[in-house]
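Trainee: For reference, the structure I am asking about is given below.
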Amino acid sequence: MIDTMWLVQVDPTSLTVAAGLFTLVLSSVHLLADRLQFPGRWQRWWLSAAGGVSVAYVFILLLPEVSEAAAITGTLRGEAFLAEQLLYVAALLGFVVFYGVEVFVTQRRKTAAEDTPGVFWFHVVVFTLYSALIGYLLFHQEVETLANLVLYALAMVLHFLVTDYGLSRHHGEAFHRRARWVLAAGTLVGGVLGVTVDGARLGLTLLYGFVAGAIVLNVIKEELPQVDQNRFLAFVVGVFLYTVVLLLV
């Protein structure tokens, strides 16, 4: 699959330009997320399907590719087993970190009558750094093809819709007034760093692992509290459709 993905091999400059355009798209998602509303239950159906797409991307494409890259990097250093293990440790860390963030924010909301500035900005800063990391990785794909970049960008667009919904649910009007602008700026800063700062191959692999774990947690935390049959079916539809796309390309 890696060698034949759309059979598209483009020069690095074109990939950089495409990544820059997708950075603008991802930044715009933050600005527009709270305006992309669907009537009634269709809003939750759509978000569940978007979450399914993100999870499918992690398990069908992202982790296998990054695991292969980690093995190659580790083999060159004589540490193949260690490199692959570190990848999954990074994924576990991403899951645990964002679980901890969710617990912290939820507990503080239970003990305070209203959203406090400290909790609000802590939550926003964490997700701004997360958005910046995702923007950075647009410019450092493990497999440098246009197809890979498009698949990553599409999954992240839908993932941002899910995470922004969660932030909006937590913080209400404060998300619209302030948070979305900070998140959009963070994504752009991540893109600028992606152009100007190269990372070591193993380091990039670990960053992808961290993002993979974070994606899974951030999707699941939106699904489980209000689970019902229709939302589960929407999630499955998202998983199935994007899995088919990933396997076909």
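In case you wondered, yes, glycine gets a Cβ from its N, Cα and C as well.
Automatic prediction, not curation, is the source of TrEMBL annotations.
Sharing the feature lines straight out of TrEMBL:
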type	residues	note
TRANSMEM	15-33	transmembrane segment
TRANSMEM	45-66	transmembrane segment
TRANSMEM	86-106	transmembrane segment
TRANSMEM	118-139	transmembrane segment
TRANSMEM	145-167	transmembrane segment
TRANSMEM	179-196	transmembrane segment
TRANSMEM	202-220	transmembrane segment
TRANSMEM	232-248	transmembrane segment
Trainee: Which range out of 15-33, 45-66, 86-106, 179-196 gives the transmembrane segment (145-167) the most CB pairs under 8 Å?
Mentor: 45-66
Trainee: Take a look at 179-196, 202-220, 232-248 and tell me which one has the most Cβ pairs under 8 Å to the transmembrane segment (45-66).
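Mentor: Per the Cβ count, the answer is 232-248.
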Trainee: For the transmembrane segment (86-106), which recorded stretch in the set 15-33, 118-139, 179-196, 202-220 gives the largest number of Cβ pairs separated by under 8 Å?
Mentor: 202-220
